[in-house]
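Chemist: Sharing a structure, written as structure tokens. Questions coming.
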Amino acid sequence: MAWTPLLLLFPLLLHCTGSLSQPVLTQSSSASASLGSSVKLTCTLSSGHSSYIIAWHQQQPGKAPRYLMKLEGSGSYNKGSGVPDRFSGSSSGADRYLTISNLQFEDEADYYCETWDSNT
């Protein structure tokens with residue numbers, strides 16, 4: 001099987017809340033991996049917001065965004081309807097991870113994380 005690079009882009013999406021101190025999410029600009037391999041995308045919450053819940057979304061070229069999962073600081077996650085088992089979430093401190101295993105052509109997309117104040 002020939003090595004085929006797969007480019008995954010994940011720009012930042014931040015859902016603003018009414019709190020005084022707004023969380024900031026940091027994501028790397030892009031990642032690439034080959035078909036059949038795994039990739040781990042990171043979304044980091046700013047200081048003082050490490051307990052916030054985030055959501056991961058996928059936007060394939062020419063399509064509307066798709067909700068993938070809600071991810072808590074404990075690492076517990078709930079996936080959206082029809083999201084393949086190849087997609088999983090995990091957490092460590094302020095970092096929230098989206099892992100995609102056994103990469104497929106259709107995984108080439110933009111990946112966004114967003115957060116909100118779960119107390120509002």
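Just so you know, glycine gets a Cβ as well, placed from its N, Cα and C.
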Chemist: Check Swiss-Prot and name the cysteine among CYS16, CYS113 that pairs with CYS43 in a disulfide.
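Modeler: Checking Swiss-Prot, the candidate bonded to CYS43 through a disulfide is CYS113.
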Chemist: Would you mind giving the whole-number mean pLDDT across the region 'Complementarity-determining-2' (71-77)?
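Modeler: Value for the region 'Complementarity-determining-2' (71-77), mean pLDDT as a whole number: 89.
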Chemist: By DSSP, how many residues in the region 'Complementarity-determining-1' (47-53) are helix, how many strand, and how many coil?
Modeler: 0 helix, 1 strand, 6 coil
